[in-house]
Amino acid sequence: MEAHGKSAETPLLGSSHRGTASSIQTLGNILVSIVGTGVLGLPFAFRVAGWLAGTVGVIVTGLSTCYCMLILVQCRKRLVCGEEKTYGDLGYECLGKPGRYLTEFLIFISYCGGSVAYLKFIGQTLASVFSGMTFTSFIFCLVPIEIMLSWIRTLSALSPFTIFADVCNVAAIAMVVKEDVQVLWGSGSDIGERRALSPTIAGLPFGAGVAVFCFEGFGMTLALEGSMRERDAFTRVLIQAFCGLTTVYVLFGLIGYLAYGDQTLDIATLNLPQGWSSMVVQRPNQDCSQREENNALIILSHWNKCLRVIIPLSLSKTLDH
């Protein structure tokens, strides 16, 4: 493989220039890069897998993901100084050409699929709130904006959007938890009837799948590390982020399941009672038979999340083999 120049950015592995993001900015970028729509399905996953299995699954998944991300950083540090490598190159060193093609294909599918999923989520939400435009119209309006924003080559430049997205995440989750706690303690729910483990083995893989989905963002690891002004602090910042996220995920899923039990729906916001907070976080469709999740706060966070999905694709380039 021939390099295109030492000054060029390495796709997905980050750039060689010194980053400008502070530890606080990187912490915010990590949170937005990981938190996605999966968190809304945690209470239902706890219902299917059981509260004990769900708790253990989320903790194990969080620890495993954090460990793998740290290992990835260590692998990059062991590369020969000045030698640029892509994920495909690393796959080639491990498994030859099949490893290269498989690695690049999986990364491409993962991030393209993620971009489509988030655009669809945002488009459906906007279409349900603003009935004057169709879902397709919103998608056509969003794509040019996303393309222009994808030209931003550094995560530190997105820090203001990150802070706003984190505030939206915290506000939306807090509103859902507030309603869950009120139901849990106000209605006299029998916590003893909640299952600790799934009665069937099929519930465990489902819970594990949702837990893994909640900790997405692995492909952003080195871009996040490379954006830092002090890269040696990345390990500490990453561990702090995962400790906080894992705790929030466990509490969110556990409280949601304990509050509603077998009545827990697949999307957490669908369990919200009618009130001021539920109107902020969710808006049911007029057709109850086609009721969908529609979040006013979460949509803002997920638009920012979509940028994090697009960035690795925007940094890719054609390689001569």
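If you go along the chain as it appears here, the first residue is 1 and each next one adds 1.
Cβ coordinates are placed from backbone N, Cα and C, and glycine is handled just like the others.
TrEMBL annotations:
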- 20-280: domain 'Amino acid transporter transmembrane' (DOMAIN)
- 27-46: transmembrane segment (TRANSMEM)
- 52-73: transmembrane segment (TRANSMEM)
- 101-119: transmembrane segment (TRANSMEM)
- 125-145: transmembrane segment (TRANSMEM)
- 157-177: transmembrane segment (TRANSMEM)
- 197-225: transmembrane segment (TRANSMEM)
- 237-260: transmembrane segment (TRANSMEM)
Sequence gap of 6 or more, Cβ distance under 8 Å, 3 or more pairs: do the transmembrane segment (237-260) and the transmembrane segment (52-73) meet that?
yes
Any contact between the transmembrane segment (27-46) and the transmembrane segment (197-225)? By contact I mean 3+ C-beta pairs closer than 8 Å, pairs at least 6 apart along the chain.
yes
To the transmembrane segment (52-73), which of 101-119, 125-145, 197-225 is linked by the most Cβ pairs under 8 Å?
197-225
